[in-house]
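Database features (TrEMBL):
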- 65-84: transmembrane segment (TRANSMEM)
- 104-124: transmembrane segment (TRANSMEM)
- 136-155: transmembrane segment (TRANSMEM)
- 161-181: transmembrane segment (TRANSMEM)
- 202-223: transmembrane segment (TRANSMEM)
- 229-249: transmembrane segment (TRANSMEM)
- 288-309: transmembrane segment (TRANSMEM)
- 321-340: transmembrane segment (TRANSMEM)
- 352-374: transmembrane segment (TRANSMEM)
- 456-477: transmembrane segment (TRANSMEM)
Amino acid sequence: MDSSEKEALIEEESLSSTSQQSAHVSNQTNLHSAETCRKTNIFFSVFLEPVQWIQMLSSQLNPTFIVGIVLVYGLNLGFSGSFFKVVTDYYWKDVQKVQPSVVQLYIGLYHIPWVMKPVWGLLTDVFPIRGYRRRPYFVVAGILGCASALMVALIGDLPAALALTCLIGVAAGMAIADVTIDACIARNSIEVRSLAPDMQSLCGFCSSAGALIGYSTSGLFVHHLGPQGALILLAIPPVFITVLGFVIYEMRSSSLHSEKHKTMENLGVAVTGMYRTIKFPQVWKPSLYMYLSLALSISTHEGQFYWYTDPKAGPAFSQEFVGIIYAIGAMASMVGVLIYHKTLKDIQFRNLLFFAQLLYGTSGMLDLIFILRWNLVLGIPDYFFVITEECVSRIISRIRWIPMMVLSTRLCPIGIEGTFFALLMCIDTLGSLTSKWGGGMALHVFHVTRTDFKNLWLVVLIRNILRIVTLGLIFLVPKADQLEALIPPDILTKNSTVKSDDEGLELVPENERDEV
């Protein structure tokens, strides 16, 4: 081989090597571009998925109904409820100077409008105003809440009884709006059964997002405006609820005159329907469980709040930091909603509520560790430990709450869905009322006062034990999927009976049972 042939061969090898390197670099570039594109798509999907989810709900349901959920659960219950909680705690502590056990009793009285939810639900179902069953009650709720908030915020030196009355009025406005939108949710959950978990997820997300804003701003406003002055912000959300009453979509009944004559008849049908429905084991058993699971978990909130802010016995958290604690807890609640929506929608009611209650009881021990200051022994700062405890508690509480709401919608017969859902929520509220008053009595019996907290740990320990004891009642919850119908659709029109087998938890009409 001569020199020219060798040079040609070397040149060919060089070109081949260069082309291979170029191809390799090109492949790496393409892979890098594909990876970058994939990461970009994931990044955008995180933001696009919630928007697409809302669009899907709006297309399947009415857009004004979705707006109603956002306003009632996000603004009225989420923001107002959280803001109300923090500001009124400081109001009773610093303005009225009331003992924590007494405040627990006052907070229990806030629940009176919520206990009356069956009455509000009955009104929305059988007492239409100008042909509308829902819209007028949003207007009533908004006016009542706004007037009550303005009165307690603007009138100085209010007697405790009058201030309590005004705050109950604010709670009544929230309760009426909540009952009205819940009636719409119950109706849509019956008609579009597959979207019932999605609607409850939206409710949970909106309430958590509103609570995040309310808790974040509550301490700031209390610091700059004072507890009483900050209450004026509670007059703003009811204005939006009033506007909602004029814009939310609802078919107006054309037979207004005949409806007036049938009002008492409808009232009787609704009461009879509630009585017939509540007799089913599939209805009264889970209702009893929901009540007892709430009632047995006695509330120690006021005792812990007074201890949080005490400069001698407690960690002496500032007003702003208390708001931050609750705000981070609200963010954790949204994480709880996301966990349920992504992973827990297909789990049976009994299994899900069992593990949720188990976690609820064990996580309560974090409060005990904090009050006994064992976190300092472990070298964990107060601010870090309390935020961790709040996040864990909120996530578990949200995972425990949503399936209860889905279960409640499954127990509502069509035709009186607003009234019956309100009845179930009333049972839950009675559980919360029992929890508040039971906690107040425990704080009083163990002499937990504005300055004496030596027995607070014992009250918290009793609360945690009662939460664990509740696991023994889990047999009351049905072994049913979350999309499964628990009552017959003709429950208000035909005689129905129940299979004796608790495993199936299915209702069978009388005539079908006879045929079998």
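Each residue, glycine too, has its Cβ placed from N, Cα and C.
Remember, it's a predicted structure, so these values are computed and weren't measured experimentally.
Residues 92, 98, 133-134, 137, 164, 167-168, 171-172, 174-176, 178-180, 182-183, 267, 270, 274, 299, 301-303, 418-423, 425-426, 429-430, 432-433, 436-437, 439-440, 443 of the same chain lie 6 or more positions beyond the ends of the transmembrane segment (104-124) yet place their CB under 8 Å from a CB of it. Using a cut-off of 8 Å between Cβ atoms, the transmembrane segment (161-181) and the transmembrane segment (65-84) share at least three residue pairs, counting only pairs 6 or more apart in sequence. Take the transmembrane segment (136-155) and the stretches 65-84, 202-223, 288-309, 321-340: counting Cβ pairs under 8 Å, 65-84 has the most. Most Cβ pairs under 8 A with the transmembrane segment (321-340) among the ranges 202-223, 229-249, 288-309, 456-477 are made by 202-223.
Residues of the same chain lying 6 or more positions beyond the ends of the transmembrane segment (456-477) and with a Cβ under 8 Å from any Cβ of it are 285-286, 288-289, 292-293, 296-300, 303-304, 307, 349-350, 353-354, 357-358, 360-362, 364-365, 367-368, 371-372, 407, 439, 442-443, 446, 448. For the transmembrane segment (202-223), the list of distant contacts is 54, 57, 66, 69-70, 73-75, 77-83, 85-87, 90, 185, 229-230, 233, 318-327, 329-331, 333-334, 336-338, 340, 398, 401-402, 405: same-chain residues at least six beyond its ends, Cβ to Cβ under 8 Å.
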